[in-house]
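Undergrad: Can you read through this structure? Questions will come right after.
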Amino acid sequence: MQILVLNAGSSSQKCALFDLTEPLPEAASAPLWRAAIDWTNPDGAQLSVKGGDGESTSTPLQVGSHLEALEHLLAQLWQGEHRIIDSPEAIAAVGHRVVHGGPHYREATVIDGQVKRTIEAMAAFAPVHNPAALEGIRAVEQLLGPVPQVALFDTAFHRDLPDRAAVYPGPYEWLDADIRRYGFHGISYAYCTERAARFLERELSSLRLIVCHLGNGCSAAAIARGKSVDTTMGFTPLEGLMMGSRSGSVDPSILIYLLRQMTQQGQPPEKIADYLDDTLNKASGLKGISGLTSDMRQITAALNTGNARAGLAFDIYIHRLVSAIAALRTSLDGLDALVFTAGVGENSAEVRAHTCERLAFLGLQLDGAKNQAPGGSERDIATPDSAVRILVIPTQEDWAIARECYRLLSASAADKRQR
Ligand code: ADP
């Protein structure tokens, strides 16, 4: 079954085609084809396509709208230089990563009018990501017609957070208005949890993990017996750890102070809201403090040449990460493994080393040589006598989406056959 996965981010739209057949492989398989649109290119949107032959091309897109760009991207599957299928009919289903499912969705869900309305309603909570996912759903409807589409929600993995972790200590009415901790990166957490259990040859029902998803967006979660029991992101993906260009948690009074200051200066309210939103999401974090970049590779390169602001950015990043892991540990009755995943977690030996060194009091002992050794596969980088395992697990969100899509559609086909 050929399944297309659309992953709409704040700055890019990624797309991958997978071929899944029974029995499903335990580990992720590589996609047959990949494409992405980078919306951040200053000269206009840029489309890159990587075909089955491993060759890739990158071209600027001359289009009037995001929808047009998406339709162009999808058509590359059967028309472009790297086409991989004969016609759109070859695609059996499309899976979408949807960042915010609100309190409504707990499982992978076939997209219908009601699901689309909910994704739209939840755009108030995820103003960049949810509209981007809807654009993808509409582009597929226009180009691929009635193919089944499935949504996987980044919030779903955290659906059973205990109230003490999920409810903000504001007025109780906030909860009635759905203002609560939702948590994000759930597709990645679910995948890493399952892989950690297999790697450690442990039953999920007894496993206690802290998983750190450190990419452009960063969060960590305490996971007990396969369920999220606390996590650092909250009502939106802005809370918690310091990130590439997002601040993570800051004292909310800073915003009230800035709001009052800008109001006194005569700024219109919508400008103030946009300014605060942009500042916290795009001009903070590693980028805001270093003044250089949101990319951890460049931060570590700069600090190694003595750049003081890059050094400060790195120190805050580690300080906040270590504090969060120690706090998450209090939600577990023990810790079997600390897991690092996503761009920084998988690749930055410096971040892992500084984090684990500060967490020695939790029983973590990093093996320096294993930590430094290059490798893109799942690995244990703790010393043999470390009380807690330290794992690096490359996350495979797109594959996880394709697999859930396959399972959901196979189950509903089997259900129909039985009736
Ligand atoms: P996203 O959150 O957009 O999915 P990724 O998980 O791909 O992001 O992570 C992207 C980030 O990973 C980059 O911004 C960069 O900071 C970091 N990264 C990638 N490779 C390395 C590396 N070798 N060393 C340190 N950081 C890296």
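Each Cβ is built from the backbone N, Cα and C atoms, and glycine gets one as well.
Feature table excerpt (TrEMBL):
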- Asn7, Glu397: Mg(2+) binding site (BINDING)
- Lys14, His213, Leu214, Gly215, Asn216, Gly217, Asp295, Met296, Arg297, Gly343, Val344, Gly345, Glu346, Asn347: ATP binding site (BINDING)
- Arg97: substrate binding site (BINDING)
- Asp154: active site, proton donor/acceptor (ACT_SITE)
- His185: site 'Transition state stabilizer' (SITE)
- Arg246: site 'Transition state stabilizer' (SITE)
Undergrad: Rounding to the nearest whole angstrom, report the longest C-alpha distance spanning Lys14, His213, Leu214, Gly215, Asn216, Gly217, Asp295, Met296, Arg297, Gly343, Val344, Gly345, Glu346, Asn347, listed for ATP.
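TA: Max Cα-Cα spread across the ATP binders: 22 Å.
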Undergrad: Quick one: of Asn7, Asp154, His185, Arg246, which recorded positions lie within 10 angstroms of Lys14 (ATP binding site), measuring between C-alpha atoms? Sequence order, please.
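TA: Within 10 Å Cα-Cα: Asn7.
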Undergrad: Which ones, of the recorded positions Arg97, His185, Val344, have a Cα no more than 10 Å from the Cα of Asn7 (Mg(2+) binding site)?
TA: Arg97
Undergrad: What is the total of other Cβ atoms whose distance to the Cβ of Asn7 (Mg(2+) binding site) is within 10 Å?
TA: 23
Undergrad: Which ones are near Asp154 (active site, proton donor/acceptor): of the recorded positions Arg246, Asp295, Arg297, Val344, Glu346, which have a Cα within 10 Å?
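TA: Candidates kept after distance check: none.
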Undergrad: Long-range same-chain neighbours of Arg97 (substrate binding site), Cβ under 8 Å, sequence gap at least 6?
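TA: Val5, Leu6, Asn7, Ala8, Ala133, Leu152, Asp154, Ile187, Glu397, Asp398, Ile401 - these are the non-local Cβ neighbours of Arg97 (substrate binding site), listed in sequence order.
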Undergrad: Reported as an integer number of Å, what is the Cα distance between Leu214 (ATP binding site) and His185 (site 'Transition state stabilizer')?
TA: 10
